[in-house]
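Below is one structure, written out as structure tokens, with a few remarks after it.
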Amino acid sequence: MIAGNKFRKLSACEAADFITDGALVGFSGFTPAGAAKAVPRALAARALAMHNRGEKFRIRVLTGASTGAALDDALAEVNAISWRAPYQSSSALRKLINRQETEFVDMHLSHLPQMVEFGFFGNIDVAVVEAVDVTSDGRVYLSTSVGASPTFLRHADRVIIELNQHHSKRLPEMHDIRLLPLPPHRSFIPIDHALSRIGTPFAEVDPAKIIGIVETDEPDGVATFDAPGECSERIADHVVGFILQEMRLGRIPPEFLPLQSGVGNVANAVMARLGQHPDIPPFVMYSEVIQDALVDLLESGSLRGASATSLTLSEPQLAKVYDNMDFFGSRIVLRPQELSNNPGVIRRLGVIAINTVLEMDITGCANSTHVCGGQVMNGIGGSGDFTRNAYLSFLVAPSIAKSGKISTVVPMVSHVDHNEHSVQVMVTEQGLADLRGLGPIERARRIIEKCAHPMYRDYLFEYLEAAPMGHVRHDLKRCFELHQNLLETGSMLPLVIA
Ligand code: 0RQ
């Protein structure tokens, strides 16, 4: 028994034994933050041993978003995942998905909890959830992410808690947990400010469902960021310059609007640049991930507070937060992902959203997920929740990839995640295209002129002018010519690059 609760203490291997071949398992984790660790690792070891004996063992995996090395990587490396939703960023898992050995359901992160709630995925057999504390009456104090864990705890038949000593016991001071009722009984969500608190600091579970507790002491393993490169800095300059212009024009109010920024180096550079700019007033964030740059911005006072669903911090930054919970505890709110990414709340608060894409096309559609239409990278994540519903949304990308062999501005994207009805502003290191109020041909010209790399501009203009007349101009025979070239020769414009 663990002091403070009545639950049975289990080793990770004992806990893993409760999970059977074919089970649907809901794991905690939104990025490596708060991801289950010991039980999935033990499951991977068991799967490997079973596979070596010629026995079948593969499970169906639900999480909040991507996870850490002990979960997606460990299970994928032994081919133990038959089905996976909703977002991943593991290279081992990506290979299985692209070989069609694992079925991957890519979906908006705000939709995941309600799809579980509606029963669309069937029964969750077991939830494995990392926490910093659990009480005998079923209060589960989660760790560095909330994600979909409250929903998994409610719906799973059986529950295993990983109690991770590594984290501050004061983490729940940041948690604000409330689940939405089923339609038609959903009422107004009373979040009218990014930092509104509307729930409890704990998730709830029927204590009778808890099989046992696995004690751990392990960091999340979040990687540190590289210093932003020149390309990220130039994209950040364009975004910040545009926001300042919108403020001068009175289209962003003087008190500013809440910001969301996606994951990665560009997003980190944009946030740092915004925080340093003397003309940007102190602001708040309504986002899904709190990453390293935000800790320094909170300390400097340029960020007044942040709402998200996960605290995705490298160890030095997390230590800073834990050492000063009196300061950070009230300035960070961690919510379930159906609230951090809720379309209604995002629109109500007037969020400014900044997300990275793989490619964008001259009509204003963007692809965040699939290389050459087929090979998945990570998934749409929360980028669709925010891009569609933001007051002002930016999609950003370097104008070229792989040393210029790839143009990220193409005639037609090879996979559509964000369509032209949702996309407002496109940005590369070359420049920024404000698409609001423009018809298709004007958009196309603006995107090519402002965003395309000079190496690809002539090709794109020529494509546009030669395409058959219409409201939108596209040549269905040529629209994927650049992608075809890439697949056949290794570069989109072989003659130009050579
Ligand atoms: O390849 O790793 O081999 O060098 O794609 O590209 O430029 O390093 O950018 O790491 O920010 O990832 C869209 C994938 C960008 C990410 C994506 C190659 C490029 C490189 C990575 P290498 P970069 P990033 C909310 C927000 C969707 C989810 C989202 C993502 C690799 O930002 O997953 O927005 N977004 N969530 O060389 C072929 C192209 C390419 C290309 C780049 N057009 N074709 N390869 N690459 N463009 C947060 C959450 O939801 C948690």
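Don't overthink the numbers, they just go from 1 along the chain as shown.
Positions of Cβ are set from backbone N, Cα and C atoms, glycine also.
Listed in TrEMBL:
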ACT_SITE  Glu288  active site, 5-glutamyl coenzyme A thioester intermediate
BINDING   Gly262, Val263, Gly264, Asn265, Val266, Asn378, Gly382, Lys402  CoA binding site
DOMAIN    11-215  domain 'Acetyl-CoA hydrolase/transferase N-terminal'
DOMAIN    320-463  domain 'Acetyl-CoA hydrolase/transferase C-terminal'
Can you check which residues sit near Val263 (CoA binding site), meaning Cβ under 8 Å from its Cβ, same chain, 6 or more apart in sequence, and list them in order?
Thr31, Val289, Gln291, Thr312, Thr356, Gly381
How many Å separate the Cα atoms of Val266 (CoA binding site) and Glu288 (active site, 5-glutamyl coenzyme A thioester intermediate)?
16
Under a criterion of Cβ-Cβ distance under 8 Å and sequence separation of at least 6, what residues of the same chain contact Glu288 (active site, 5-glutamyl coenzyme A thioester intermediate)?
Phe30, Ala65, Leu109, Gln260, Ala308, Thr309, Ser310, Gln337, Ser340, Asn341, Gly381, Gly382, Asp385, Phe386
So, by DSSP, how many helix, strand and coil residues make up the domain 'Acetyl-CoA hydrolase/transferase C-terminal' (320-463)?
51 helix, 38 strand, 55 coil
Using DSSP and collapsing to three states, where does Gly262 (CoA binding site) fall: helix, strand or coil?
coil
